[in-house]
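Annotated features, as they stand in TrEMBL:
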- Gly81, Gly82, Asn83, Pro84, Arg103: substrate binding site (BINDING)
- Asp104: Mg(2+) binding site (BINDING)
Amino acid sequence: MALVTTAEVCDAHSQLIGSGDLRVLEPVFQIYGRRQVFSGQIVTLKVFEDNVLVRGFLEEKGNGRVLVVDGGGSKRCAILGGNPVVQAQNNGWAGIVVNGCIRDVDEINGCDIGVRALASHPMKANKKGIGEKQVPITIAGTRICDGEWLYADTDGILISRTELSV
């Protein structure tokens with residue numbers, strides 16, 4: 001989606017918004033990381049105050065994908081920190097969206113990757129390895145399925161059933 005903004009995509013694809021094939025996430029996420037504009041095919045993960053599965057995914061090759069984590073909206077601990085984000089950057093992930101908190105913000109802001117999260121929190125998450133991989137999730141008022149496409153910039157985040165060409 002180089003040089004095409006989410007606003008332009010919305011303007012050009014109003015019929016897809018009307019049909020639900022293109023959805024806009026509610027504006028609840030803070031922007032972190034050096035890459036403010038990113039896009040890619042979605043990998044979904046559902047966890048609650050546990051980051052074992054998050055770390056596991058980010059240790060794999062990203063191939064330009066975006067990890068979207070439903071952390072239940074918890075603001076009691078961080079489920080993503082600096083070390084996994086560095087790994088994600090080095091493994092070729094385009095971005096990470098967390099419906100929850102992150103920590104190590106200065107380290108994350110130094111990484112060439114896009115990160116969105118509700119807030120930052122200094123406490124680390126549990127390490128039980130409980131969660132669900134590649135399942136439909138609902139965050140920021142929007143249902144998101146594994147394999148859909150995410151487009152993010154400073155105006156917002158879009159979810160599309162298919163890869164968009166503008």
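Here the Cβ of each residue, glycine as well, is placed from N, Cα and C on the backbone.
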Densest Cβ neighbourhood among Gly81, Gly82, Pro84 (binding-site residues), 10 Å radius: Pro84
For substrate: widest Cα to Cα gap among Gly81, Gly82, Asn83, Pro84, Arg103 in Å: 11
For Asp104 (Mg(2+) binding site), the number of other Cβ atoms found within 10 Å of its own Cβ: 21
Substrate site shell beyond Gly81, Gly82, Asn83, Pro84, Arg103, criterion: Cβ within 8 Å of Cβ centroid: Ala78, Leu80, Val85, Val86, Ile102, Asp104, Glu107, Ile108
Other C-beta atoms that fall within 10 angstroms of the C-beta of Asn83 (substrate binding site): 12
Spatial neighbours of Arg103 (substrate binding site) that are distant in sequence (at least 6 apart) but have CB under 8 A: Ala78, Leu80, Gly81, Gly82, Ser120, His121, Pro122, Met123, Lys124
Distance [Cα-Cα, Å, rounded] between Asn83 (substrate binding site) and Asp104 (Mg(2+) binding site): 9
Pairwise Cα distance for Asp104 (Mg(2+) binding site)/Pro84 (substrate binding site) [Å, integer]: 10
